[in-house]
């Protein structure tokens with residue numbers, strides 16, 4: 001088997017690439033769990049910096065992947081690289097996002113459960129690029145057919161469409177996601193992608209009407225003006241100059257060196273056709289024949305104009321996502337599993353932080369809580385359930401502040417009768433949260449802090465640091481997303497729209513429930529510097545990110561527990577040459593072989609633990625065919641158990657001998673049961689799943 005794999009790799013030209021990767025990756029430590037000074041933040045940063053200097057942007061903490069944004073193109077995402085990582089053990093090759101994607105995929109197939117990959121980090125840390133790399137990997141590595149290629153193409157082409165309408169240049173990132181995206185990829189029992197679904201969260205609609213200096217509106221506007229066909233521009237009454245449009249020129253940076261709007265327009269047009277948008281969908285109809293006169297002041301007219309522009313764009317974006325979902329709808333009615341990709345806006349701090357930054361940072365706060373719950377606390381609970389002692393309790397980590405109080409107060413102010421203003425909202429906050437150590441306003445601050453706050457500001461200490469929010473316009477922003485069409489006199493308590501903050505809070509709760517029902521994988525993205533400069537590693541900035549993302553705490557937990565978990569069979573297969581008793585073949589129970597191997601290598605009892613293993617009692621049969629074997633086609637262990645149980649009852653269909661045996665497995669074991677003769681498992685993975693061989697020899701291997 002090993003020789004066959006070598007020959008295949010030779011034909012693909014991968015051995016030289018694999019050797020080069022492995023040699024190059026000897027710089028620093030590729031998994032922080034192996035770092036000797038694992039309690040030293042300085043040693044942690046030095047290792048990151050050493051690897052970054054050699055363009056080694058990926059490093060592990062166990063199965064968590066750290067990615068440092070290099071701000072340049074790297075030659076590590078080719079088809080050859082994808083082929084190299086397909087079906088390879090997680091630690092077999094140097095750290096890579098392909099390794100994490102591949103292991104999530106194969107674990108999903110083996111265990112027949114749902115997974116998600118949480119990609120997190122600051123704005124500009126590379127989250128969107130990481131998400132695209134994972135999606136591209138699945139597109140290339142999964143089985144192929146004409147139907148599957150159509151599904152795959154639509155998934156890939158949804159990216160440039162959503163980026164055009166939902167991304168923009170900010171001060172920190174030339175391609176910043178201004179909305180949150182969660183995408184489910186559906187797979188059938190063969191591992192073929194059969195469809196997908198996208199949920200979007202809190203599009204930053206205020207960008208449509210206002211941009212800070214050095215920032216742009218959404219990409220699609222510049223792509224249309226710069227790349228749109230002459231006939232299209234003439235039909236829309238547009239000129240090929242963004243400076244003529246106030247909504248596009250406020251940031252004074254319509255042209256960006258790293259962005260080619262003309263080429264991007266061609267990409268978007270092609271992508272729209274792939275995801276089933278026809279020319280009718282792409283047309284923009286403008287009715288210039290109807291003029292409505294309203295007695296507004298200039299300020300009020302500007303306010304209404306901007307509110308209308310934001311509402312139109314917001315609804316257009318929602319319609320766009322819905323149309324993409326229709327094209328991605330899963331047509332396969334068979335059992336399916338899911339891998340979710342979460343690419344959501346990073347923590348942000350600007351010179352002026354508005355309502356939308358408040359919601360974005362609130363989201364990051366909740367996701368950080370989820371990360372702690374799913375990794376640090378869950379890890380320790382798992383050890384306690386296994387009866388394994390952990391040397392260092394790491395449960396005193398907490399996120400700085402739950403922002404639900406702010407959300408509730410904001411909603412109360414938006415719907416209460418009387419003159420609710422931004423300042424009454426601030427007063428209500430002071431009343432509700434005045435004693436909280438992580439909340440301060442101009443009124444509540446000491447003399448020194450008061451000098452840094454305006455009267456309309458409040459400051460929150462988030463897990464990632466302090467952020468000062470300006471309440472001016474907060475109530476308007478909170479209400480304007482869903483202003484009702486129902487005339488105000490007819491509004492009742494049943495008709496009142498949900499304020500934006502409550503909508504967002506509810507959707508975030510829904511997202512949390514989705515994620516909690518799946519197995520988690522993590523990519524933590526770090527910015528190497530604030531200037532988007534290639535080759536520059538800002539120690540202070542990276543240290544801050546390492547600190548607030550809890551990476552040192554995560555490392556401590558992995559070191560305090562047992563960082564590497566292997567199935568007994570895999571452990572034996574890889575390490576059996578190290579022990580005479582297990583080489584070349586171990587003919588007993590795998591767990592006993594592992595025990596003998598680690599003792600031979602001199603490991604002390606406190607350096608490893610054998611996990612608790614569940615025992616199942618199952619009535620099996622002996623079917624007499626040419627070899628006296630039962631051959632079943634099964635997808636995973638529980639399907640094998642079910643089919644065998646059913647067969648025992650069909651006495652008239654087959655000749656069966658009733659008997660009882662015990663077999664053992666633990667979570668994560670490959671989806672087969674092999675009762676053959678003590679040789680290595682004879683399992684053949686075909687197009688339709690695993691071929692399970694059950695022999696009349698009932699010994700377990």
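For all residues, glycine too, the Cβ spot is worked out from N, Cα and C.
The region 'Actin-binding' annotation in TrEMBL falls on one of the ranges 485-507, 508-530, 531-553, 554-576, namely 508-530. Taking Cβ pairs closer than 8 Å, the region 'Actin-binding' (508-530) reaches residues 48, 52, 63-71, 97, 100, 103-104, 107-108, 111, 113-122, 124-127, 130, 172, 182, 199, 201, 338, 340, 342, 346, 362-363, 366, 370-371, 374-375, 536-538, 541-542, 545-546, 549, 551 in its own chain, all 6 or more past its ends.
Secondary structure by DSSP for the region 'Actin-binding' (508-530): 9 helix, 9 strand, 5 coil. Figure note: comparing Cβ neighbours within 10 Å for the binding-site residues 121, 125, 127, 128, the maximum is reached by 127. Other residues of the chain with a Cβ within 8 Å of the Cβ centroid of 121, 122, 123, 124, 125, 126, 127, 128, the ATP site, are 69, 173, 346, 525, 527. Around residue 123 (ATP binding site), taking its Cβ as the centre, 21 other Cβ atoms fall within 10 Å, counting all chains.
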